[in-house]
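Student: Please see the structure below; I have some questions.
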Amino acid sequence: MSKFYITTPLYYVNDSPHIGHAYTEVAADVLARSERLLGKDVFFLTGTDEHGQKIAAASSSLNLSPKELADRTAARFQKLWEKLNISYDRFLRTTEASHEKLVREVFDKIHQKGDLYLGTYKGSYCISCESYVPSSQLKENLCPDCGRKASFLEEPAYFFRLSKYQEFLLSYIRENPDFIGPKFREKEVTNFIRGGLTDLSITRAGCQWGILIKENFSIYVWFDALLNYLSGINYLSDAKLFERYWPPDVQFIGKDIIRFHDVIWPAILFSLSLPLPGRIFAHGWWVIGGEKISKSKGTVVSPEEIISEFGADSLRYFLLREVPFGLDGEYSSPVFLKRYNSDLANDLGNLLHRSLSLLETSFEGKIPSSCGSSDEKLKEKSLSLPGIIKSIEALKYNEALIKIWEIVGAANKYLDEKSPWRLSQKEAGPVLYNVGETLRLVALFLKPFLPETSKKIAQRLGIAGEFEEQNFREVKWGLLPPGRRIKKGEPIFPRKK
Ligand code: MSP
């Protein structure tokens with residue numbers, strides 16, 4: 001059985017989760033679920049990034065200890081992921097003892113290798129991005145990435161010989177064209193590397209909220225956090241687990257953290273002589289009114305509120321359907337509502353509801369026999385659904401959803417054209433069977449995207465038990481058993497105003 005190791009970034013615990021965080025998480029969940037349906041041995045890692053100056057500052061403004069704030073926020077993330085049906089295998093917190101131990105061990109390992117030296121960091125630091133800002137990039141003392149005021153630091157520090165890996169990185173990127181995704185990001189990364197890499201301070205003397213090592217240095221939060229991808233599968237403590245999954249097949253990140261993941265992270269792996277991830281893919285940002293989601297501007301959209309009004313699957317659907325993965329998207333409530341009503345309430349919801357209503361009124365609520373149908377078109381279309389697996393694996397989620405909705409549209413059209421309500425029982429039976437079977441296949445391919453909805457459709461069709469076992473490995477037409485009792489119920493996506 002082949003393995004599939006997938007990771008998300010670790011979310012900072014200074015603030016509560018918003019739809020930007022939900023986006024990364026849902027995207028990873030869809031791929032993890034999809035690979036499981038293909039029969040792979042999947043390990044899906046996520047978690048929270050709990051150290052550093054930013055979290056220390058946020059906690060003190062709330063009169064909490066950093067650990068208290070981390071406990072509180074990590075629990076919020078876990079609760080939200082539960083609501084969103086995120087199927088992670090491990091939720092890692094960087095304050096866990098096993099992670100802290102691993103970070104210290106890696107520090108020693110690269111030290112022994114000769115990749116660390118003691119020096120002094122003198123320059124700017126952005127607490128919000130937790131990044132060292134070269135003076136050439138400062139704009140009037142403001143961080144070029146977030147626009148906030150940078151602080152000046154002068155402190156003793158251990159430096160990682162990042163500059164040593166410049167050529168390794170460039171040739172690795174050249175030889176592995178899939179390593180950086182989307183493709184258009186590659187140039188920005190190689191230009192940055194060609195501009196010259198400077199050694200990186202990986203300790204902070206001025207921040208005590210971190211993994212402490214000798215002489216009262218704490219580990220720089222990004223060095224600590226990046227190592228989660230190793231400690232998440234027990235590097236240096238459980239060789240069996242580690243060898244089973246290493247290296248990651250896909251790592252999801254947002255476009256704001258590309259340099260950390262495409263430059264620093266692979267350099268650390270070079271230093272440790274470990275194979276590099278297959279693909280590091282950066283998605284775009286959700287913006288509101290053209291601007292980055294920000295608490296101070298009051299543009300935070302709470303995923304919990306959307307879920308309580310529309311359900312988890314509606315949010316999952318919207319995030320992945322609305323914009324091509326990799327590009328930025330504009331979030332607004334009217335756009336969300338429109339997408340919900342047209343695709344979920346009208347197209348999918350209505351197809352299910354009217355089919356079930358017809359079965360209820362004309363077929364005593366039972367799946368009719370498929371005999372006598374000579375309609376091959378809808379069957380053929382439905383059997384093209386496995387084609388979406390390619391789109392999912394290419395991370396073209398919106399393309400996959402568009403293809404599924406083409407089948408939903410075709411089934412709605414088929415129902416309109418055949419008008420089974422005007423046909424005899426004998427003629428109407430196969431028509432409704434075909435639509436029911438199409439709905440079963442649609443639900444099957446919705447399993448990774450809309451896990452609750454696909455289950456609901458199966459329950460309504462009376463096939464909840466066997467549907468659980470159905471996967472992407474063997475896709476057949478005709479598995480809906482004639483005579484099975486359906487459950488009409490209320491529309492699964494009621495129209496909203
Ligand atoms: N803690 C670091 C990551 C360390 S990984 C070793 C971090 N955390 S974060 O909470 O700021 O961001 C986590 C993820 O959420 C990032 O991938 C980021 O791009 C994503 N998003 C945060 N805001 C976002 C939007 N508005 N839109 C889309 N994704 C965004 O960075």
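FYI, residue positions are counted from 1 along the chain as it appears here.
Every residue, even glycine, has its Cβ placed from backbone N, Cα and C.
Automatic prediction, not curation, is the source of TrEMBL annotations.
So TrEMBL lists these for the protein:
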BINDING   CYS126, CYS129, CYS143, CYS146  Zn(2+) binding site
DOMAIN    13-120  domain 'tRNA synthetases class I catalytic'
DOMAIN    146-355  domain 'Methionyl/Leucyl tRNA synthetase'
DOMAIN    384-493  domain 'Methionyl-tRNA synthetase anticodon-binding'
MOTIF     11-21  motif ''HIGH' region'
MOTIF     292-296  motif ''KMSKS' region'
Student: Summarise the model confidence on the domain 'Methionyl-tRNA synthetase anticodon-binding' (384-493) as a single mean pLDDT, whole number.
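Tutor: Value for the domain 'Methionyl-tRNA synthetase anticodon-binding' (384-493), mean pLDDT as a whole number: 97.
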Student: Taking the centroid of the Cβ atoms of CYS126, CYS129, CYS143, CYS146 (Zn(2+) site), which other same-chain residues have Cβ within 8 Å of it?
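Tutor: Those within range, site residues removed, are ILE127, SER128, SER131, VAL133, PRO144, ASP145, GLY147, ARG148, ALA150.
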Student: According to DSSP, does CYS126 (Zn(2+) binding site) fall in a helix, a strand, or coil?
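Tutor: Going by the DSSP assignment, CYS126 (Zn(2+) binding site) falls within a strand, counted as strand.
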Student: Please count the residues of the domain 'tRNA synthetases class I catalytic' (13-120) that DSSP assigns to helix (H, G, I), strand (E, B) and coil.
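Tutor: Split by secondary structure, the domain 'tRNA synthetases class I catalytic' (13-120) comes out as 62 helix, 18 strand, 28 coil.
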Student: Judged by the number of other CB atoms within 10 angstroms, which among CYS126, CYS129, CYS143, CYS146 is the least packed of the binding-site residues?
Tutor: CYS146
